[in-house]
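*Asks:* Taken from TrEMBL, the feature domain 'ABC transmembrane type-1' covers A:150-369. As annotated by TrEMBL, transmembrane segment applies to A:26-46, A:52-72, A:84-106, A:146-176, A:188-211, A:217-245, A:351-373.
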Amino acid sequence: MTTMNTTTEAAVSKPAKLTSKQLPKATPWIVAVASILVAIVISFIAFGGFNIPVVAVLAGLINAIAVFAVSASYEGRRKAVDRIATTIVTSTFVLACVPLISLLWLTVSKGGAAISGDLLTRTMLGMKGVLDQQYVAGEATLAGGFYHAIVGTVLITLAACVISIPIGVLTAIYLVEYSNKNRLGKAITFLVDVMTGIPSIVAGLFAFALFSTIANVLLPGAAGIAKTGFTAAVALSVLMIPIVVRNTEEILRLVPMDLREASYALGVPKWKTIVKIVLPTSVSGILSGVTIAIARVIGETAPIMVTAGFAKTLNWNLFSGWMSTLPTFIYDSQLRPVSPGAAALASSERAWAAALVLVALVMVLNLLARIIAKVLAPKAGR
Amino acid sequence: MSKQIDIKDLDIFYGDFRAVDGVQMQIKPRSVTAFIGPSGCGKSTVLRTLNRMHEVIPGASVSGEVLMDGNDIYGAGVDPVNVRREVGMVFQRANPFPTMSIKENVLAGVRLNNKRLSKTEADDLTERALRGANLWNEVKDRLNLPGSGLSGGQQQRLCIARAIAVEPEVLLMDEPCSALDPISTLAIEDLINDLKDKYTVVIVTHNMQQAARVSDKTAFFNIAGTGKPGKLIEFNETSTIFSNPDTEETENYISGRFG
């Protein structure tokens, strides 16, 4: 106690102490590696072998405790708390990456092993169980393919975009620029919120019910012809519109009121202000919002099944006949393999290859949106 | 060019709240009029009623008359868009359009109002407006770069160039120098002096020296307290306001004795 008193008294006349003990920069890494090693040793002693989940959990716990102990003993309590917070945040991030990376790894390794140019360019036309049996027996190459599903995915998603982007963006413009929070605006916001929560199968059933009713009126007894790619696109639009509205609305609200006023003050009418000033300023944000919406619906399975069925062959016509998309192709392959028994492996391999293509498609879309957003974004330029 | 503005019994509301009460004023053509007064006294609000920008705010409304050369801009059938083409405005914060280059910013008002310009016309107008705003020499080599790359003072002069490119009759300025350094402020004050040869200029300012330097007439607004409407206390020659004002309230304000 006496020493502490003298230091505080001395501090009055002496310049403030600005330096303190600090661990070397590499310390967290050394501690992390050491914790992993300790965890491996414990795993061998207690569980009799190398067990990844056990090692990971143990290493995380030991690391947290060790970081705190080392830091507290040398740097003091405040820095130790800081370090443990950093450790927890980093560990949580790593934890969140685990399922993501393992999923990507599984898709790439399984799909990558199966994928070939033939799979991408052929359909399931004329596919027989015997072909898969020959493949599994090693007598032939993998037959069949999912060209038709790629075409279906692209067409249906494109049609869904054509329907939902104009509706969604215009609705958002109404909400932000015209509604002034009036009753209609509030009602739309409420309905959009409700629509965001609609289960996707319900959207599919809605679209099918709508078009089969129309078909039944036009051609009694022919409700089945309502199963088309277009019906699927309408189902996807129901899911997509609320996302587009929400994202666009938020982006439009970010455009400063200053810019609108500057435009009005020049005698520019409101609609032209929106088209020439507000939209160009926010276009990159709107595009990212649209991409998120596309990524959300491109992987939908349930609404496609009830609206477009399962096609085995190529169909370019959105308005007539069944269509397959990659998700329904994957689902169908796993659930109803072409050949039962051991040869079902062939169907499974085609499904993994299709999954890889789907993931790649979403990634390419995201990348494209980022590039476009970067090109169109307002430049700071000096 | 340039018009006279007569304000008669102007009351301004935000929803039910009466923000400004009973303003009477006559603004002569080719003159500079300054609005001074404490924050919240309604001087910006009055300024924004002169080109019908006030009503952009939801719930805002106006009663009374604002006559521009005898025509009521709040009369029946008057299109605010047409009013704003006659009455330009420069805002407190420089707000060049971020997606446009310097040149496009200057031409924005003309282009967005559907006027087609040949390349030479566009170049001429750009140069004329930028010279008018005293900015030409600083930016003539980078007309195609984004306006947001300019300094704050240059951006504000770009906004002035944009406003005068549409050749309005009246130019409103809402604290145009409040975010600028003294050198940029001086540049804009010089500019205001030049502008009054052609335009009717109305400027809101918190800087009383600025009002004294640039304006011919000064209007002093004040507010009795929060929740009360702002009122025009005195409207007089600038020299009178700053040397021998009619009311004690004005005297107190300009000499720094408040309340």
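Every residue, even glycine, has its Cβ placed from backbone N, Cα and C.
Bear in mind that the values here come from a model prediction, so they are computed numbers and not experimental data.
Provide an account of the burial state, proximal residues and distances for the features listed.
*Replies:* Sequence-distant contacts of the transmembrane segment (A:26-46) (same chain, at least 6 residues past either end, Cβ-Cβ under 8 Å): 54-56, 58-60, 62-63, 66-67, 70, 83, 86-87.
Here the transmembrane segment (A:84-106) has Cβ contacts under 8 Å with residues 28, 60, 63-64, 67-68, 71, 359 of the same chain, all six or more residues outside its ends.
For the transmembrane segment (A:146-176), the list of distant contacts is 119-124, 185, 188-189, 192, 229-230, 232-234, 236-237, 240-245, 248-249, 252-253, 274, 286, 290, 293-294, 297-298, 304, 308, 311-316, 318, 323-329, 350, 353-354, 357-358, 361: same-chain residues at least six beyond its ends, Cβ to Cβ under 8 Å.
Sequence-distant contacts of the transmembrane segment (A:351-373), counting only residues of its own chain at least 6 positions beyond either end whose CB sits under 8 Å from a CB of the stretch, comprise 104, 107-108, 110-116, 119-120, 146, 149-150, 153, 284-285, 287-288, 290-291, 294-295, 298-299, 326-327, 329-330, 333-334.
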